[in-house]
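Participant: Here it is, the structure in full.
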Amino acid sequence: MVENSFCKKEGSPVVGDRINVKDLTLAGLERLLTGMGAERYRAGQVAIWVFQKGAESFREMTNLPANLREKLDAAAVISRPEILAKKVSSKKDAVKYLFGLPDGQAVESVFMKHAYGNSVCVSTQAGCRMGCRFCASALGGLTRNLSPGEIYDQVLGIRRDTGERISSVVLMGSGEPLDNYDATLTFIKNVTAPYGLHIGCRHITVSTCGLVPGIRRLAREKLALTLAVSLHAPNDRLRDILVPVNRKYPLTELMAACRDYAQETGRRVTFEYALLAGVNDRKEHAEELVRLLKGKMPCHVNLIPANPVPERGVKTPSRLQVELFKKILERHGLAVTVRRGLGADIDAACGQLRRKIAVMGERLNTRG
């Protein structure tokens, strides 16, 4: 394990009286360095060291003058990820990580191997306040937002641990990305930049449970990001229960925002639909889903056989039920996939490993 020096204040790029450079964009680095009397181009050099090469100290930045490195050491820090726990799937196609934060919180990330490359699923918040019924992340509520650097460190930490190239990122771990909008956008700008990992926007997926103002704000950025909407129900009555934010932003508003997003960005919208046994997986639900989506916008439906969450009473549907649901959608012309089951044996659903470790800690403390 390495020493951790993440941001200690929510929403602030300051560690004590020093700035965490991973919380800054290139423009922010330029302001920092020119304020030290350095030339503007030095910011690009620092950015490459930090966001692309994964440098953990300013001493590594050998193309910077020694006096500038000393000034950076005095005014700034480079946060470093600390792996608290790691679980590898039996098929070796997924690795679940639990990263520690300096305030004692922990966040989850998942490394996934696909035929087309390697992807990382990152968290944007410690916990979540959206309260989705089937999600383990929401069980403890929201603790705090992550800083841009804390999000970025999940990617760098996994890259360092696996030695693998990361070709795509999904913001689909613990938390609601659009509920932590500014940090999410800063992370995206850095990870897609030439000075960062240079991952194309089309290979970045932003997941949301349906925060309509956030979707509209993201559309105005005109970035070719993939928007993944956690739909999970074809009508307001059921969605009000499964995804409580629907009570504030019902399906009519959500669908309108999604149509506008597709129009503004030229990207089709992905609708995530977690199939919960006996809850939303029946024939009538599939037919309602067709009526909701067909012909409304360029879209794709991703069916997700739910991971069991005993605390929520969530059960996984049978393979036959999943296939029947899929065939109904396909018969009506919708583009459908069933998410490949990566990491079910490593608690890869949102919040499961974090909660399991926390419960273990509580038991140990009780015994002590």
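Yeah, the Cβs are placed from backbone N, Cα and C, and that goes for glycine too.
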Participant: The S-adenosyl-L-methionine site in Swiss-Prot lists Gly175, Glu176, Ser230, Leu231, His232, Asn307. Which one of Ser147, Ser207, Ser318 belongs there according to the record?
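Facilitator: Between Ser147, Ser207, Ser318, Swiss-Prot records just one in the S-adenosyl-L-methionine site with Gly175, Glu176, Ser230, Leu231, His232, Asn307, namely Ser207.
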Participant: Could you work out which of the recorded positions (Cys121, Cys128, Cys132, Cys135, Leu231) has its C-beta surrounded by the smallest number of other C-beta atoms within 10 A?
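Facilitator: Taking Cys121, Cys128, Cys132, Cys135, Leu231 as the recorded positions, the minimal 10 Å Cβ count falls on Cys132.
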Participant: If you measure from the C-alpha of Cys121 (disulfide bond), which of the recorded positions Glu108, Cys132, Gly175, Leu231 fall inside 10 Å?
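Facilitator: Near Cys121 (disulfide bond) by Cα: Glu108.
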Participant: Please give the maximum pairwise Cα distance, in Å and rounded to a whole number, for the S-adenosyl-L-methionine-binding set Gly175, Glu176, Ser207, Ser230, Leu231, His232, Asn307.
Facilitator: 19
Participant: May I ask which residues of the same chain, at least 6 positions away in sequence, place their Cβ under 8 angstroms from the Cβ of His232 (S-adenosyl-L-methionine binding site)?
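Facilitator: Same-chain residues close to His232 (S-adenosyl-L-methionine binding site) (Cβ under 8 Å, separated by 6 or more) are Cys132, Phe134, Arg239, Leu242, Val243, Glu272, Tyr273, Ala274, Leu276, Asn280.
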Participant: Let me spell it out: for each of the binding-site residues (Ser207, Ser230, Asn307), count the other Cβ atoms within 10 Å of that residue's Cβ, using every protein chain shown. Which one has the most?
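Facilitator: Output for this query is Ser230.
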Participant: Check each residue in the chain of Gly175 (S-adenosyl-L-methionine binding site) that is at least six apart in sequence and keep those whose C-beta is under 8 Å from its C-beta; list them in sequence order.
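Facilitator: Expected: Ser123, Thr124, Gln125, Ala126, Gly127, Cys128, Ser137, Leu142, Asn145, Leu146.
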Participant: Taking DSSP as the reference, which of helix, strand or coil describes Cys128 ([4Fe-4S] cluster binding site)?
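Facilitator: The three-state answer is coil.
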